[in-house]
Amino acid sequence: MAGRGFSWGPGHLNEDNARFLLLAALIVLYLLGGAAVFSALELAHERQAKQRWEERLANFSRGHNLSRDELRGFLRHYEEATRAGIRVDNVRPRWDFTGAFYFVGTVVSTIGFGMTTPATVGGKIFLIFYGLVGCSSTILFFNLFLERLITIIAYIMKSCHQRQLRRRGALPQESLKDAGQCEVDSLAGWKPSVYYVMLILCTASILISCCASAMYTPIEGWSYFDSLYFCFVAFSTIGFGDLVSSQNAHYESQGLYRFANFVFILMGVCCIYSLFNVISILIKQSLNWILRKMDSGCCPQCQRGLLRSRRNVVMPGSVRNRCNISIETDGVAESDTDGRRLSGEMISMKDLLAANKASLAILQKQLSEMANGCPHQTSTLARDNEFSGGVGAFAIMNNRLAETSGDR
(Lines of atoms letter the chains of each structure in order from A; the text may use other names.)
(Lines give C-alpha, C1' and ligand atoms only; values in the text may rest on other atoms or scores of the structure.)
Protein backbone atom coordinates (compact mmCIF):
# COMPACT_ATOMS: atom_id res chain seq x y z
CA MET A 1 0.00 0.00 0.00
CA ALA A 2 1.18 3.46 -0.71
CA GLY A 3 2.72 5.09 2.24
CA ARG A 4 0.46 8.11 2.33
CA GLY A 5 0.65 9.66 5.75
CA PHE A 6 -1.00 12.18 7.98
CA SER A 7 0.82 15.35 8.85
CA TRP A 8 0.15 15.26 12.57
CA GLY A 9 2.80 13.32 14.42
CA PRO A 10 6.56 13.36 13.94
CA GLY A 11 6.74 10.58 11.34
CA HIS A 12 3.75 11.21 9.03
CA LEU A 13 1.55 8.40 10.34
CA ASN A 14 0.34 5.89 7.76
CA GLU A 15 -3.42 6.00 7.18
CA ASP A 16 -4.02 2.36 8.10
CA ASN A 17 -1.93 2.77 11.24
CA ALA A 18 -3.76 5.98 12.11
CA ARG A 19 -7.10 4.22 11.78
CA PHE A 20 -5.83 1.30 13.86
CA LEU A 21 -4.55 3.55 16.64
CA LEU A 22 -7.73 5.61 16.61
CA LEU A 23 -9.86 2.47 16.87
CA ALA A 24 -7.68 1.16 19.70
CA ALA A 25 -8.04 4.44 21.59
CA LEU A 26 -11.81 4.49 21.09
CA ILE A 27 -12.08 0.87 22.27
CA VAL A 28 -10.17 1.76 25.44
CA LEU A 29 -12.55 4.67 26.04
CA TYR A 30 -15.49 2.36 25.29
CA LEU A 31 -14.20 -0.14 27.86
CA LEU A 32 -13.73 2.56 30.47
CA GLY A 33 -17.23 3.89 29.86
CA GLY A 34 -18.74 0.40 29.96
CA ALA A 35 -16.91 -0.41 33.19
CA ALA A 36 -18.23 2.77 34.79
CA VAL A 37 -21.82 2.02 33.76
CA PHE A 38 -21.78 -1.62 34.83
CA SER A 39 -20.10 -0.75 38.12
CA ALA A 40 -22.80 1.82 38.85
CA LEU A 41 -25.56 -0.66 37.96
CA GLU A 42 -24.25 -3.85 39.56
CA LEU A 43 -21.99 -2.94 42.49
CA ALA A 44 -24.80 -2.17 44.94
CA HIS A 45 -26.59 -5.41 44.04
CA GLU A 46 -23.39 -7.40 44.59
CA ARG A 47 -22.90 -5.88 48.05
CA GLN A 48 -26.50 -6.61 49.00
CA ALA A 49 -26.19 -10.21 47.82
CA LYS A 50 -22.99 -10.67 49.79
CA GLN A 51 -24.60 -9.22 52.91
CA ARG A 52 -27.61 -11.54 52.57
CA TRP A 53 -25.32 -14.52 52.14
CA GLU A 54 -23.27 -13.69 55.22
CA GLU A 55 -26.49 -13.40 57.26
CA ARG A 56 -27.80 -16.74 56.00
CA LEU A 57 -24.45 -18.38 56.65
CA ALA A 58 -24.37 -17.07 60.23
CA ASN A 59 -27.97 -18.13 60.89
CA PHE A 60 -27.37 -21.62 59.48
CA SER A 61 -24.17 -21.99 61.51
CA ARG A 62 -25.95 -21.05 64.76
CA GLY A 63 -29.05 -23.12 64.02
CA HIS A 64 -27.09 -26.32 63.36
CA ASN A 65 -24.32 -25.70 65.88
CA LEU A 66 -21.59 -25.67 63.23
CA SER A 67 -18.47 -23.59 63.22
CA ARG A 68 -18.03 -21.18 60.35
CA ASP A 69 -14.82 -22.93 59.28
CA GLU A 70 -16.53 -26.34 59.08
CA LEU A 71 -19.39 -24.89 57.09
CA ARG A 72 -17.09 -23.08 54.68
CA GLY A 73 -15.08 -26.26 54.20
CA PHE A 74 -18.24 -28.11 53.21
CA LEU A 75 -19.19 -25.32 50.80
CA ARG A 76 -15.78 -25.57 49.14
CA HIS A 77 -16.50 -29.24 48.46
CA TYR A 78 -19.78 -28.20 46.85
CA GLU A 79 -17.97 -25.68 44.66
CA GLU A 80 -15.68 -28.46 43.45
CA ALA A 81 -18.72 -30.60 42.68
CA THR A 82 -20.30 -27.71 40.81
CA ARG A 83 -17.22 -27.34 38.61
CA ALA A 84 -17.53 -31.05 37.82
CA GLY A 85 -21.13 -30.55 36.68
CA ILE A 86 -22.96 -31.65 39.83
CA ARG A 87 -25.99 -29.57 40.78
CA VAL A 88 -28.54 -29.64 43.60
CA ASP A 89 -31.35 -30.19 41.09
CA ASN A 90 -31.37 -33.17 38.79
CA VAL A 91 -29.63 -32.22 35.54
CA ARG A 92 -28.69 -34.13 32.43
CA PRO A 93 -25.35 -35.98 32.41
CA ARG A 94 -22.64 -33.68 31.18
CA TRP A 95 -20.43 -36.27 29.48
CA ASP A 96 -22.77 -38.76 27.88
CA PHE A 97 -22.79 -38.54 24.08
CA THR A 98 -25.54 -35.90 23.85
CA GLY A 99 -23.97 -33.83 26.62
CA ALA A 100 -20.55 -34.09 24.97
CA PHE A 101 -22.08 -33.10 21.63
CA TYR A 102 -23.57 -29.99 23.26
CA PHE A 103 -20.14 -29.24 24.73
CA VAL A 104 -18.24 -29.50 21.43
CA GLY A 105 -20.91 -27.31 19.83
CA THR A 106 -20.17 -24.57 22.34
CA VAL A 107 -16.44 -25.06 21.72
CA VAL A 108 -16.34 -24.77 17.93
CA SER A 109 -18.89 -21.93 17.93
CA THR A 110 -16.74 -20.10 20.53
CA ILE A 111 -19.82 -19.65 22.74
CA GLY A 112 -18.17 -21.48 25.65
CA PHE A 113 -20.95 -21.35 28.25
CA GLY A 114 -18.60 -22.78 30.87
CA MET A 115 -21.11 -25.10 32.52
CA THR A 116 -19.07 -28.07 31.26
CA THR A 117 -15.29 -28.14 31.17
CA PRO A 118 -12.81 -31.02 30.80
CA ALA A 119 -11.38 -32.15 34.12
CA THR A 120 -8.80 -34.70 32.96
CA VAL A 121 -5.38 -33.89 31.56
CA GLY A 122 -6.17 -35.86 28.41
CA GLY A 123 -9.40 -33.94 27.91
CA LYS A 124 -7.66 -30.58 28.29
CA ILE A 125 -4.90 -31.52 25.82
CA PHE A 126 -7.42 -32.82 23.28
CA LEU A 127 -9.49 -29.64 23.67
CA ILE A 128 -6.55 -27.47 22.60
CA PHE A 129 -6.09 -29.26 19.27
CA TYR A 130 -9.80 -29.89 18.76
CA GLY A 131 -10.64 -26.23 19.30
CA LEU A 132 -7.82 -25.08 17.02
CA VAL A 133 -9.29 -26.90 14.03
CA GLY A 134 -12.94 -26.63 15.05
CA CYS A 135 -12.99 -22.89 15.72
CA SER A 136 -11.13 -22.16 12.48
CA SER A 137 -13.57 -24.29 10.50
CA THR A 138 -16.56 -22.61 12.12
CA ILE A 139 -15.22 -19.13 11.35
CA LEU A 140 -14.86 -20.23 7.72
CA PHE A 141 -18.44 -21.53 7.80
CA PHE A 142 -19.70 -18.20 9.15
CA ASN A 143 -17.80 -16.32 6.42
CA LEU A 144 -19.25 -18.56 3.72
CA PHE A 145 -22.70 -18.06 5.21
CA LEU A 146 -22.15 -14.29 5.15
CA GLU A 147 -21.03 -14.49 1.53
CA ARG A 148 -24.18 -16.28 0.44
CA LEU A 149 -26.43 -14.13 2.59
CA ILE A 150 -25.04 -10.91 1.11
CA THR A 151 -25.45 -12.34 -2.40
CA ILE A 152 -29.07 -13.30 -1.78
CA ILE A 153 -29.94 -9.96 -0.17
CA ALA A 154 -28.24 -8.03 -2.98
CA TYR A 155 -30.06 -10.10 -5.63
CA ILE A 156 -33.47 -9.62 -4.01
CA MET A 157 -32.96 -5.89 -3.45
CA LYS A 158 -31.71 -5.41 -7.00
CA SER A 159 -34.77 -7.24 -8.35
CA CYS A 160 -37.05 -4.99 -6.29
CA HIS A 161 -35.16 -1.94 -7.53
CA GLN A 162 -35.58 -3.09 -11.13
CA ARG A 163 -39.33 -3.50 -10.69
CA GLN A 164 -39.60 -0.02 -9.21
CA LEU A 165 -37.70 1.46 -12.15
CA ARG A 166 -39.91 -0.38 -14.62
CA ARG A 167 -43.07 0.90 -12.94
CA ARG A 168 -41.73 4.45 -13.16
CA GLY A 169 -40.72 3.91 -16.77
CA ALA A 170 -37.09 4.66 -16.01
CA LEU A 171 -35.91 1.21 -17.10
CA PRO A 172 -36.94 -0.09 -20.55
CA GLN A 173 -37.94 -3.73 -20.66
CA GLU A 174 -35.49 -4.43 -23.49
CA SER A 175 -32.48 -3.21 -21.57
CA LEU A 176 -32.43 -6.28 -19.34
CA LYS A 177 -32.72 -8.81 -22.15
CA ASP A 178 -29.47 -8.03 -23.91
CA ALA A 179 -26.61 -9.34 -21.81
CA GLY A 180 -24.09 -7.57 -24.02
CA GLN A 181 -25.44 -4.21 -22.92
CA CYS A 182 -24.95 -4.83 -19.19
CA GLU A 183 -22.12 -2.35 -18.96
CA VAL A 184 -24.33 0.48 -20.18
CA ASP A 185 -27.41 -0.65 -18.31
CA SER A 186 -28.96 1.78 -15.86
CA LEU A 187 -28.31 -0.68 -13.02
CA ALA A 188 -24.66 -1.37 -13.83
CA GLY A 189 -23.40 0.62 -10.87
CA TRP A 190 -26.30 0.05 -8.49
CA LYS A 191 -25.64 -1.78 -5.22
CA PRO A 192 -27.75 -2.11 -2.08
CA SER A 193 -26.96 0.22 0.78
CA VAL A 194 -25.31 -1.22 3.85
CA TYR A 195 -28.02 0.46 5.93
CA TYR A 196 -30.76 -1.62 4.29
CA VAL A 197 -28.70 -4.79 4.71
CA MET A 198 -28.14 -3.94 8.36
CA LEU A 199 -31.88 -3.36 8.83
CA ILE A 200 -32.68 -6.74 7.24
CA LEU A 201 -30.13 -8.58 9.39
CA CYS A 202 -31.28 -6.76 12.53
CA THR A 203 -34.91 -7.67 11.80
CA ALA A 204 -33.98 -11.30 11.17
CA SER A 205 -31.96 -11.47 14.40
CA ILE A 206 -34.79 -9.96 16.44
CA LEU A 207 -37.33 -12.31 14.87
CA ILE A 208 -35.20 -15.38 15.63
CA SER A 209 -34.58 -14.18 19.19
CA CYS A 210 -38.27 -13.54 19.83
CA CYS A 211 -39.29 -16.95 18.47
CA ALA A 212 -36.57 -18.72 20.45
CA SER A 213 -37.53 -16.83 23.62
CA ALA A 214 -41.15 -17.88 23.17
CA MET A 215 -39.88 -21.47 23.21
CA TYR A 216 -37.45 -21.09 26.13
CA THR A 217 -39.86 -19.28 28.47
CA PRO A 218 -42.32 -22.14 29.11
CA ILE A 219 -39.84 -25.00 28.71
CA GLU A 220 -36.92 -23.65 30.77
CA GLY A 221 -39.07 -21.66 33.21
CA TRP A 222 -37.30 -18.38 32.46
CA SER A 223 -38.94 -15.01 32.16
CA TYR A 224 -39.32 -13.74 28.61
CA PHE A 225 -36.76 -11.00 29.24
CA ASP A 226 -34.25 -13.54 30.58
CA SER A 227 -34.87 -15.64 27.48
CA LEU A 228 -34.12 -12.65 25.24
CA TYR A 229 -31.00 -11.97 27.31
CA PHE A 230 -29.90 -15.59 26.86
CA CYS A 231 -30.47 -15.37 23.11
CA PHE A 232 -28.20 -12.35 22.73
CA VAL A 233 -25.50 -13.82 24.97
CA ALA A 234 -25.59 -17.13 23.09
CA PHE A 235 -26.02 -15.80 19.55
CA SER A 236 -23.23 -13.27 19.98
CA THR A 237 -20.99 -16.10 21.33
CA ILE A 238 -20.40 -14.17 24.57
CA GLY A 239 -21.61 -17.21 26.49
CA PHE A 240 -21.56 -16.19 30.15
CA GLY A 241 -23.08 -19.48 31.28
CA ASP A 242 -25.44 -17.98 33.86
CA LEU A 243 -28.34 -19.22 31.72
CA VAL A 244 -27.88 -22.34 29.60
CA SER A 245 -30.59 -24.06 27.62
CA SER A 246 -31.31 -27.81 27.45
CA GLN A 247 -29.66 -28.69 30.77
CA ASN A 248 -32.49 -30.38 32.67
CA ALA A 249 -32.62 -34.15 32.79
CA HIS A 250 -36.08 -34.41 31.25
CA TYR A 251 -38.28 -32.23 29.04
CA GLU A 252 -41.58 -32.70 27.35
CA SER A 253 -40.91 -33.64 23.73
CA GLN A 254 -37.24 -33.71 24.64
CA GLY A 255 -35.89 -34.72 21.23
CA LEU A 256 -37.89 -32.07 19.40
CA TYR A 257 -36.87 -29.39 21.89
CA ARG A 258 -33.17 -30.16 21.64
CA PHE A 259 -33.35 -30.12 17.85
CA ALA A 260 -35.18 -26.77 17.89
CA ASN A 261 -32.65 -25.43 20.39
CA PHE A 262 -29.80 -26.42 18.06
CA VAL A 263 -31.48 -24.83 15.02
CA PHE A 264 -32.26 -21.57 16.83
CA ILE A 265 -28.71 -21.22 18.16
CA LEU A 266 -27.21 -21.98 14.74
CA MET A 267 -29.45 -19.50 12.93
CA GLY A 268 -28.99 -16.87 15.62
CA VAL A 269 -25.20 -17.12 15.64
CA CYS A 270 -25.05 -16.86 11.83
CA CYS A 271 -27.32 -13.80 11.74
CA ILE A 272 -25.62 -11.99 14.62
CA TYR A 273 -22.18 -12.71 13.13
CA SER A 274 -23.32 -11.23 9.82
CA LEU A 275 -24.85 -8.24 11.60
CA PHE A 276 -21.63 -7.57 13.51
CA ASN A 277 -19.64 -7.55 10.26
CA VAL A 278 -22.06 -5.14 8.59
CA ILE A 279 -21.95 -2.84 11.62
CA SER A 280 -18.15 -2.92 11.42
CA ILE A 281 -18.42 -1.25 8.00
CA LEU A 282 -20.29 1.65 9.58
CA ILE A 283 -17.70 1.87 12.34
CA LYS A 284 -14.94 2.01 9.75
CA GLN A 285 -16.78 4.78 7.91
CA SER A 286 -16.98 6.73 11.15
CA LEU A 287 -13.26 6.26 11.77
CA ASN A 288 -12.46 7.64 8.32
CA TRP A 289 -14.74 10.61 8.91
CA ILE A 290 -12.96 11.33 12.21
CA LEU A 291 -9.56 11.04 10.53
CA ARG A 292 -10.54 13.55 7.86
CA LYS A 293 -11.82 15.94 10.50
CA MET A 294 -8.57 15.56 12.44
CA ASP A 295 -6.56 16.18 9.29
CA SER A 296 -8.65 19.12 8.08
CA GLY A 297 -6.21 21.57 9.63
CA CYS A 298 -3.26 20.27 7.63
CA CYS A 299 -1.51 22.08 4.83
CA PRO A 300 -3.24 22.12 1.39
CA GLN A 301 -0.80 19.55 0.02
CA CYS A 302 -1.74 17.07 2.76
CA GLN A 303 -5.42 17.70 2.19
CA ARG A 304 -5.03 17.00 -1.54
CA GLY A 305 -3.30 13.73 -0.72
CA LEU A 306 -6.11 12.83 1.66
CA LEU A 307 -8.71 13.19 -1.09
CA ARG A 308 -6.87 10.92 -3.51
CA SER A 309 -7.96 7.35 -4.14
CA ARG A 310 -7.84 5.16 -1.04
CA ARG A 311 -7.09 1.52 -0.74
CA ASN A 312 -8.42 -0.87 1.84
CA VAL A 313 -10.77 1.68 3.39
CA VAL A 314 -14.47 2.47 3.47
CA MET A 315 -15.02 6.18 2.86
CA PRO A 316 -18.15 8.14 3.72
CA GLY A 317 -20.33 8.93 0.77
CA SER A 318 -19.74 12.68 0.83
CA VAL A 319 -16.21 12.40 -0.56
CA ARG A 320 -16.42 9.24 -2.66
CA ASN A 321 -15.88 9.46 -6.37
CA ARG A 322 -19.39 9.12 -7.78
CA CYS A 323 -18.56 7.77 -11.21
CA ASN A 324 -20.77 5.11 -12.81
CA ILE A 325 -18.04 2.61 -13.58
CA SER A 326 -18.41 -0.73 -11.83
CA ILE A 327 -15.05 -1.39 -10.26
CA GLU A 328 -13.86 -5.00 -10.01
CA THR A 329 -11.43 -6.53 -7.58
CA ASP A 330 -9.26 -8.81 -9.70
CA GLY A 331 -6.94 -6.09 -10.99
CA VAL A 332 -5.53 -5.18 -7.62
CA ALA A 333 -1.81 -4.50 -7.61
CA GLU A 334 0.51 -6.52 -5.44
CA SER A 335 1.22 -3.37 -3.43
CA ASP A 336 -2.38 -3.53 -2.21
CA THR A 337 -1.75 -7.02 -0.88
CA ASP A 338 1.29 -5.77 0.97
CA GLY A 339 -0.75 -2.90 2.40
CA ARG A 340 -3.50 -5.21 3.59
CA ARG A 341 -0.89 -7.37 5.24
CA LEU A 342 0.18 -4.32 7.23
CA SER A 343 -3.38 -3.25 8.00
CA GLY A 344 -5.65 -4.35 10.81
CA GLU A 345 -7.42 -7.00 8.72
CA MET A 346 -6.85 -10.75 8.60
CA ILE A 347 -4.69 -12.25 5.84
CA SER A 348 -6.71 -14.21 3.30
CA MET A 349 -5.92 -17.36 1.37
CA LYS A 350 -5.05 -15.11 -1.57
CA ASP A 351 -2.19 -13.70 0.44
CA LEU A 352 -1.07 -17.13 1.62
CA LEU A 353 -1.36 -18.76 -1.81
CA ALA A 354 0.10 -16.12 -4.11
CA ALA A 355 -0.38 -18.30 -7.16
CA ASN A 356 -4.13 -18.22 -6.71
CA LYS A 357 -5.21 -14.83 -8.03
CA ALA A 358 -8.93 -15.34 -7.45
CA SER A 359 -9.99 -14.59 -3.90
CA LEU A 360 -13.24 -15.65 -2.30
CA ALA A 361 -14.73 -12.21 -2.91
CA ILE A 362 -13.73 -12.21 -6.60
CA LEU A 363 -15.23 -15.63 -7.23
CA GLN A 364 -18.40 -14.66 -5.44
CA LYS A 365 -18.71 -11.47 -7.47
CA GLN A 366 -18.07 -13.27 -10.74
CA LEU A 367 -20.73 -15.87 -9.96
CA SER A 368 -23.18 -13.11 -9.06
CA GLU A 369 -22.49 -11.28 -12.32
CA MET A 370 -22.90 -14.48 -14.33
CA ALA A 371 -26.22 -15.11 -12.60
CA ASN A 372 -27.30 -11.57 -13.51
CA GLY A 373 -26.25 -12.09 -17.13
CA CYS A 374 -23.43 -9.55 -16.98
CA PRO A 375 -20.00 -10.48 -18.38
CA HIS A 376 -17.03 -10.00 -16.10
CA GLN A 377 -15.28 -6.72 -16.86
CA THR A 378 -11.80 -5.85 -15.66
CA SER A 379 -11.43 -2.18 -14.94
CA THR A 380 -8.21 -0.24 -14.83
CA LEU A 381 -9.64 1.52 -11.83
CA ALA A 382 -9.56 -1.66 -9.77
CA ARG A 383 -6.37 -0.64 -8.04
CA ASP A 384 -8.25 2.36 -6.68
CA ASN A 385 -11.04 0.28 -5.18
CA GLU A 386 -11.41 1.30 -1.58
CA PHE A 387 -11.54 -2.30 -0.33
CA SER A 388 -9.13 -3.60 -3.01
CA GLY A 389 -10.30 -7.16 -2.67
CA GLY A 390 -9.85 -6.97 1.09
CA VAL A 391 -9.72 -10.00 3.30
CA GLY A 392 -11.87 -11.85 5.78
CA ALA A 393 -15.45 -10.69 6.14
CA PHE A 394 -14.54 -7.37 4.46
CA ALA A 395 -13.53 -9.25 1.30
CA ILE A 396 -16.86 -11.06 1.23
CA MET A 397 -18.78 -7.78 1.30
CA ASN A 398 -16.31 -6.07 -1.03
CA ASN A 399 -18.07 -4.25 -3.87
CA ARG A 400 -21.36 -5.91 -2.92
CA LEU A 401 -22.75 -2.98 -0.94
CA ALA A 402 -22.91 0.65 -1.91
CA GLU A 403 -20.71 1.71 1.01
CA THR A 404 -17.96 -0.81 0.12
CA SER A 405 -17.86 0.05 -3.56
CA GLY A 406 -15.13 2.13 -5.11
CA ASP A 407 -17.50 3.63 -7.65
CA ARG A 408 -19.20 5.91 -5.17
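Indices start at 1 and increase along the chain as displayed.
Every residue, even glycine, has its Cβ placed from backbone N, Cα and C.
Here's what Swiss-Prot has on this protein:
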type: BINDING; residues: T110, I111, T237, I238; note: K(+) 1 binding site
type: BINDING; residues: T110, T237; note: K(+) 4 binding site
type: BINDING; residues: I111, G112, I238, G239; note: K(+) 2 binding site
type: BINDING; residues: G112, G239, F240; note: K(+) 3 binding site
type: CARBOHYD; residues: N59; note: N-linked glycosylation site
type: CARBOHYD; residues: N65; note: N-linked glycosylation site
type: REGION; residues: 110-115; note: region 'Selectivity filter 1'
type: REGION; residues: 237-242; note: region 'Selectivity filter 2'
type: TOPO_DOM; residues: 1-19; note: topological domain 'Cytoplasmic'
type: TOPO_DOM; residues: 146-193; note: topological domain 'Cytoplasmic'
type: TOPO_DOM; residues: 284-408; note: topological domain 'Cytoplasmic'
type: TRANSMEM; residues: 20-40; note: transmembrane segment
type: TRANSMEM; residues: 125-145; note: transmembrane segment
type: TRANSMEM; residues: 194-214; note: transmembrane segment
type: TRANSMEM; residues: 263-283; note: transmembrane segment
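Each of the recorded positions N59, N65, T110, T237 was scored by other CB atoms within 10 A of its CB, and the lowest score goes to N65. In terms of Cα spacing, the recorded positions N59, N65, G112 that come within 10 Å of I238 (K(+) 1 binding site) are G112. Sequence-distant neighbours of F240 (K(+) 3 binding site): residues of the same chain at least 6 apart with a C-beta under 8 Å from its C-beta are F113, G114, V233. The number of other Cβ atoms within 10 Å of the Cβ belonging to G112 (K(+) 2 binding site), over all protein chains shown, comes to 17. Each of T106, S109, G112, A234, S236, G239, V269 belongs to the same chain as T110, I111, T237, I238, is absent from that list, and has a C-beta within 8 angstroms of the C-beta centroid marking the K(+) 1 site. Taking each of the binding-site residues I111, I238 in turn and counting other Cβ atoms within 10 Å of its Cβ gives the largest count for I111.
Each residue contributes its Cα atom, and for N59 (N-linked glycosylation site) and G239 (K(+) 2 binding site) these two points are 35 Å apart. Residues T106, I111, F113, G114, V233, A234, T237, I238, G241 surround the recorded K(+) 3 site, their Cβ atoms falling within 8 Å of the Cβ centroid of G112, G239, F240, which are themselves excluded.
Sitting within 8 Å of the Cβ centre of I111, G112, I238, G239, and not among those site residues for K(+) 2, are the Cβ atoms of T106, S109, T110, F113, G114, V233, A234, T237, F240, G241. Long-range neighbours of G239 (K(+) 2 binding site) (same chain, six or more residues apart, CB within less than 8 Å of its CB): T106, T110, I111, G112, F113, G114, V233. Taking only the Cα positions, the spacing between N65 (N-linked glycosylation site) and T237 (K(+) 1 binding site) is 46 angstrom.
Note on the region 'Selectivity filter 2' (237-242): DSSP counts are 0 helix, 0 strand, 6 coil.
Sorting each residue of the region 'Selectivity filter 1' (110-115) by its DSSP state yields 0 helix, 0 strand, 6 coil. DSSP assigns N59 (N-linked glycosylation site) to a helix in the three-state reduction.
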